[in-house]
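Listed in Swiss-Prot for this protein:
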ACT_SITE  E179  active site, proton acceptor
BINDING   D43, S44, D82, K110  3-methyl-2-oxobutanoate binding site
BINDING   D43, D82, E112  Mg(2+) binding site
Amino acid sequence: MISLSDLRKFKTEGRKFSCLTCYDASMAKAMEFAEIDSILIGDSLGMVIQGHDSTLPVTVDDMAYHTAAVRRGNQHSFIMTDLPFMSYATLPDALNNAKKVMQAGAQMIKIEGGAWLSESIRVLTQNGIPVCVHLGLTPQSVHVFGGYKLQAKTREAADQLIADCQAVVDAGAAILLLECVPAQLGQEIAELFPQTPVIGIGAGKETDGQVLVAQDMLGLSFGKVARFVRNFMKEQAGETAIVDAFKAYHAAVQDQSFPAREHTFQVEL
């Protein structure tokens, strides 16, 4: 089973690692066969699985249920689980809800925010709960941002995001996840924190790992698709097409053919 130490080692060795969202045991097993390095049980299940138009209605019980299902199906990948909207607003809530998803099978919890999370990160880490912090476009704050848009488009905004990264790493964050930021900034942050793995989704090819929503990269999302998505499924054929698509994604992350320039945001900062 891949561990947090392994992800840190991958970064040190310059070996890019793959991450996909997953919500059920059968898909988790397919990812195990494909040797996907990490799985995120994301609160994106609110839209992908439950049919909501945002992640906001998802509950901690939902996250624990899907975490347990994924863990039963996959004994290979490192597993992270989102704490959903307003489930970590207070320290007691953060501890109790993190405990619930860790007991369900998560190896790490993920929360969205910035420097203001420092105390929660410190307390969670002191209690043996590894923390990934999601920065940039944070879907739980979609109404604050006014929709799903590129973040940190100016040098000032980029520097603020870097300051937030520094604050949460100083507080104990073990992984950073950057969403929908310029490729240049993704590279800059990955280089600024040599001991902290940085995962990107729409953050350029130079982050240490890449994550996509599995349904997006399998072409199962209908309507407008984000710029940073590549459909790996349409490149496959045959009875094991899904596993082959996962394998192709894993290989493309490792050899850095994904994300290509057309999947990134090029902004002069």
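Glycine too: its Cβ is placed from the backbone N, Cα and C atoms.
Counting in whole angstrom, K110 (3-methyl-2-oxobutanoate binding site) lies 13 from E179 (active site, proton acceptor) by their C-alpha atoms. Same-chain residues with CB within 8 A of the center of the D43, S44, D82, K110 CB atoms, the 3-methyl-2-oxobutanoate site residues themselves not counted, are T21, L40, I41, G42, L45, T55, V58, M63, T81, L83, P84, H134, P139. When secondary structure is read from DSSP and collapsed to three states, E179 (active site, proton acceptor) falls in the strand class. The separation of E112 (Mg(2+) binding site) from the residue listed as 'active site, proton acceptor', Cα to Cα, is 11 Å. Taking the C-alpha positions, the distance from E112 (Mg(2+) binding site) to D82 (3-methyl-2-oxobutanoate binding site) comes to 9 Å. For the recorded site, D43 (3-methyl-2-oxobutanoate binding site), the DSSP three-state label reads coil. Around S44 (3-methyl-2-oxobutanoate binding site), the same-chain residues at least 6 positions away in sequence with a Cβ under 8 Å from its Cβ are T21, T55, P139, V213.
Once Cβ contacts within 10 Å are tallied over all protein chains shown, the binding-site residues D43, E112 are led by D43. Taking Cβ-Cβ distances under 8 Å and a sequence gap of 6 or more within the same chain, the neighbours of D82 (3-methyl-2-oxobutanoate binding site) are L40, I41, G42, D43, T55, V58, M63, I109, K110, I111.
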